[in-house]
Amino acid sequence: MNIPSLFVDPFSPLLEHPTEQRAKNVAHAPKRPCNLTQTEKMLAVRNALRYIPKEHHVLLATEFAEELNTYGHIYGYRFMPNFDLFAPPVSEIGAHCEQASAIILMILNNLDKRVAQFPQELVTYGGNGQVFSNWIQFRLVLRYLYTMTDHQTLVLYSGHPLGLFPSTPDSPRMTVTNGMMIPSYSTKELYDKYFALGVTQYGQMTAGSFCYIGPQGIVHGTTITVLNAGRRMGLDSLAGKVFVTAGLGGMSGAQPKAAKIAGCIGVIAEISDTALLKRHQQGWLDVYSKDLEEIVNWIKEYREKKEAISIGYLGNVVDLWERLAEEPECLVELGSDQTSLHNPFLGGFYPAGLTFEQSNQMMTSDPVKFKKLVQNSLIRQIAAIDKIAAKGMYFWDYGNAFLLECQRAGANLLREDAQDDKSFRYPSYMQDIMGDIFSMGFGPFRWVCTSGKPEDLRLTDQTACKIIDELKDTDVPEYVKQQYLDNKKWIEEAEKNKLVVGSQARILYSDRAGRVALASAFNELVKSGKVSAAIVISRDHHDVSGTDSPFRETSNVYDGSAFTADMAVQNCIGDSFRGATWVALHNGGGVGWGDVINGGFGIVLDGSSDAARRAEGMLNWDVPNGVTRRSWSGNAKAQEAIQRAEKQVDGLRVTLPVEADEELLKKLKF
């Protein structure tokens, strides 16, 4: 990788078109719908030309118009580097500000072809999780970061670099917003228009905040979910038990690895041979077949042997569920789905009866018919799931809007006693499993060793084990100790499980006390020189405080506030002035555009006392914020956790709820 070339002026001289790179065999995003009027298409080109010096307008106006017609979006492919991107050792970046070098490393990792779903379209995961809207923005952002000082802050509006603004060393080096819309215009239909115009983008969660660490990020969460789903069924061991699901993409590709780690038989449907083969070649998917009879035979064989294995079905998930529903016996104990149903009609879900290629063509050539086929397939899929669930399978929604889109397609999924429109017969994994884990304050904390050295990551793993050992012996409830034990097992086996894809990164579900201790210990490792370069700490937006999402992260909030977004917005504001190196606030992520508000952060631990101070101050807000909100909604585990935190954190005093007597309320007349 030619790192210095990433920081040159892309207009003087004008960069050559990266012909060799464009010709490489990588997965590409489907053509996007472009239902713009002639005037709006002119506006889209005009908007892109704003970045370009006037002398290049004639040439690039034609290029941009051709891209808009061909791909449904102006990606500015000319400005894409003519080589593969990846996260190099931070010492090779050499920006004027060390914190900015670390941010550049994180951006490059999000566009690594081993990590990103559609690297040339700047999509990291989820089908449309953009890092930037176009490659011109990529170039300008890297130039700004390379030259900035620690008295400046870079501001990004949905990928667009607004510029560098004066600030202080304690301020964030970068603030990011993605997809912030006037609420009544935050619809999926209008998103297509405004993305085509180049004025907003869908950053998913860690795609647009530059904190993605490859599928490892969701392996841990999926492992925890599968283990706890088994516990809900009274299973101490998942040996010989079958978990059926769908998706082997950027995030969902974690499922076969998680199934093996959990000790069960994972069966995962995937219609894209590129996505499936990527996981097979990576070693995360053991075997695969296009033949449903072979799939069923493998399931029966490994159920009998009680051996863990990951099995891929190269075909449509609807066909898999319907075939399994034909079996007289229940072959499936656990079921879910991780297709990208936040984006159901533009590549997030592929209907039965069409090939992958036919679907990619029809979704733009005949979107009305394609939508009908998708919804018919969802009806068929949930009907097959109903049949197997009636035999004893435990099925849950993985927060990808599966049940929501089935309901929108016409399926009757509400419970008989439902008091709202989100109380489905099948639970969200947040309601049954992860909600309580978040309420305890545990969530997907992560770190990146910017040296790029495996030995540095190994030392952080060992340090994390020691900290967990200390925490599990403190005065905490047994259910909290169980979380510590689960997470210690994860970190002990992390290197053996070969989870690193891209940067030298690790994820660990941790609570407030754990995160504060980890940040302090990591900063000391950098200060002492035991770790050879700065460590970036971050988390998924899908966390205790980071996301307001009534169909996922806050689906177990029952006081009527699940459809509000104060928590996520306040979290980003609070992180920004408490010490984050960068912060991000997004519309969408997980369930989809208009249905979620979420945010994240990054902190660079450089071994300084300032870094230690900032990390402690910020982490003592970033977790308790969400625990307090969950406590206020009535969650008992959150109430215990926040009262315990009040005794440990100076200055922390929260408002605790007083529960009303149910019989008193029933006597009231309205």
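For all residues, glycine too, the Cβ spot is worked out from N, Cα and C.
Since the structure is predicted, the reported quantities are computational estimates derived from the model, not experimental observations.
Swiss-Prot lists 126-127, Q204, 250-252, E270, 316-317, 338-342, 349-350, Y398, G590 with the feature NAD(+) binding site. Under the three-state DSSP scheme, Q338 (NAD(+) binding site) falls in the coil class. Other Cβ atoms within 10 Å of the Cβ of Q338 (NAD(+) binding site) number 22 in total over all chains.
According to its DSSP assignment, E270 (NAD(+) binding site) is in a strand.
Residue density at E270 (NAD(+) binding site): 30 other Cβ atoms are found within 10 A of its Cβ, drawing on all protein chains shown.
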